[in-house]
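**Student:** After the structure tokens below, expect a handful of questions from me.
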Amino acid sequence: MSHEFDYIIIGAGSAGNVLATRLTEDADVSVLLLEAGGPDYRLDFRTQMPAALAFPLQGRRYNWAYETDPEPHMNNRRMECGRGKGLGGSSLINGMCYIRGNALDFDNWAKAKGLEDWTYHDCLPYFRKAESRDIGPNDYHGGDGPVSVTTPKAGNNPLFHAMVEAGVQAGYPRTDDLNGYQQEGFGPMDRTVTPQGRRASTARGYLDQARERPNLTIVTHATTDRILFDGKRASGVSYLIGNANDATEARARREVLLCAGAIASPQILQRSGVGPAALLRELDIALVHELPGVGQNLQDHLEMYLQYACTQPVSLYPALKLLNQPGIGAQWLFTGNGIGASNQFEAGGFIRTRPEFAWPNIQFHFLPVAINYNGSNAVNEHGFQAHVGSMRSPSRGRIQLKSKDPRQHPSILFNYMSHEQDWQEFRDAIRITREIMAQPALDSYRGREISPGIDCQSDAELDAFIREHAETAFHPSCSCKMGEDDMAVVDGQGRVHGVQGLRVVDASIMPEIITGNLNATTIMMAEKIADRIRDRQPLPRSNAPYFVAGERPVRGQPQRAVSAA
């Protein structure tokens, strides 16, 4: 194998696979793609069947399974921080919700110096370029991109429709497309699933086009030790194959592209001598360039589950029973449809809880079964639940190396719930969810409140529940943020400040977390920056209109008023 390439990409995840595919469209460009995990085994139902999404989080084959330091505002819990490992990265193990973030997220990014071309109208063409939506393209959606997107269909679980209707009856808007003109309100939720009912990871959508190209070399089980520098120019990568301790080196003629995600990208930069000087000195790492923002500004979405018994036998509870699973698996395997072909997050919504929020600050995912996201703590009866959490918490965390060992996990602290706004939003979210669940649309299905339980009412009781039970939505981001301020790590094209030949392209470069799931936006960002790397003209800006709430009230009159108790 040659050890010199035009580009070396570190991390074959949601962003890295996009770059590998787009850069190798130019036949005279050579690319080395390094992935610490293994292949995306297509015969492994755990990563290929949408309904099996909890399984990869339970093991270590596809999951880095990071843990946080004790979180001081969460009863000092060490909290899960699962990240994808293997071709596809976190798109290989995520919940497959195709949500892009709100138009105003991007317009807000673009207010920062150097990020003027990150408005929604600049980004929308790249969302469309990446997408192939099963019901065809329009001004907001693509029809022939690498990412297969499936829309909910008639005949799916009646609880989805009842929960959306309940949200509308509670006084909130209805929308027919959470990624379309109006991203506020309740409606159906698209998913990254192929027409054959398989998970649409970036390994399937992008790498399948590119993996046979002679100018792309993919190396799996390759753990990056550090980026090599000649002075201040990134010149290559040192990496370990499998369990070996002797490093292999590869050289980059043009650029090194770091796409290892919001946890590993700052870790690799720090190990390579780019980061906070005091930390690097403490670890005896030679300083290449001081960038105090590397590993800072860490953000995530936290969420809770509100669970209810279901009085009719329409939930997915029977699908949790072992005796029913072979039939579900066979139907999925041979026909590509049935329960197995859906992630079961087919309805959701975004709302504003208070007038001071210009765009939604709370997200709902509805699930027609009562169970933890990672498959634990299933309720032993028919049930359903709402996942609810705040979108743009003011809390900020950090990632820092604990040693030079590339196989040691870093110290991670999200500092969840460290602001009063966090507590206010989560209390509001629980109380609003209860109002939604009390609406007439759910009368035929709603049993008792299982969790938190109706005895949990006061601020103090709700706060105790949040501290003990809130969990990550697995959306770490923003730890190598774009911008030009003193804490920015990269510019608006992903180029690392103060050095040459090095970019970061993944969720870590978001300056602020978006309103929703991260995968679609991470792919969009990679598509957009790929054009910059290739020195191509950006796609023409969109002029599609989009909803801005303005002076509209956050909600109308609920059909059934519910006392806050």
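A Cβ is built for glycine as well, from the same backbone N, Cα and C atoms used for every other residue.
So Swiss-Prot says this about it:
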BINDING   6-35  FAD binding site
ACT_SITE  His475  active site, proton acceptor
REGION    541-565  region 'Disordered'
**Student:** Run through the Cβ atoms and count how many others sit within 10 Å of the one on Ile10 (FAD binding site).
**Tutor:** 27
**Student:** Give the number of CB atoms, excluding that of Ser14 (FAD binding site) itself, located within 10 Å of its CB.
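**Tutor:** The answer is 32.
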**Student:** Looking at the binding-site residues Asp6, Asp26, which one has the fewest other Cβ atoms within 10 Å of its own Cβ?
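**Tutor:** Relative to the other binding-site residues in Asp6, Asp26, Asp26 has the fewest Cβ atoms within 10 Å.
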**Student:** Count the other Cβ atoms sitting within 10 Å of the Cβ of Arg22 (FAD binding site), across every protein chain shown.
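**Tutor:** Other Cβ atoms within 10 Å of Arg22 (FAD binding site): 24.
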**Student:** Pop the Cα-Cα gap between Ser14 (FAD binding site) and the residue listed as 'active site, proton acceptor' into the table, whole Å please.
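**Tutor:** Roughly 13 Å, rounded to the nearest whole number.
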**Student:** Per DSSP, what is the residue count of the region 'Disordered' (541-565) in each of helix, strand and coil?
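**Tutor:** The composition, in the requested order, is 0 helix, 0 strand, 25 coil.
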**Student:** Ten-angstrom check, please: count other Cβ atoms within 10 Å of the Cβ of Ser30 (FAD binding site), all chains counted.
**Tutor:** 22
**Student:** What three-state class does DSSP give Val18 (FAD binding site)?
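**Tutor:** It is helical.
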**Student:** Return the residues near Leu34 (FAD binding site), defined as same-chain residues 6+ apart in sequence whose C-beta is under 8 angstroms from its C-beta, sorted by sequence, else 'none'.
**Tutor:** Ile8, Ile9, Ile10, Gly11, Ala12, Val219, Ala222, Thr224, Val237, Tyr239, Ala250
**Student:** So if I draw a 10 Å sphere around the Cβ of His475 (active site, proton acceptor), how many other Cβ atoms end up inside it?
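**Tutor:** Excluding its own Cβ, His475 (active site, proton acceptor) sees 24 Cβ atoms within 10 Å.
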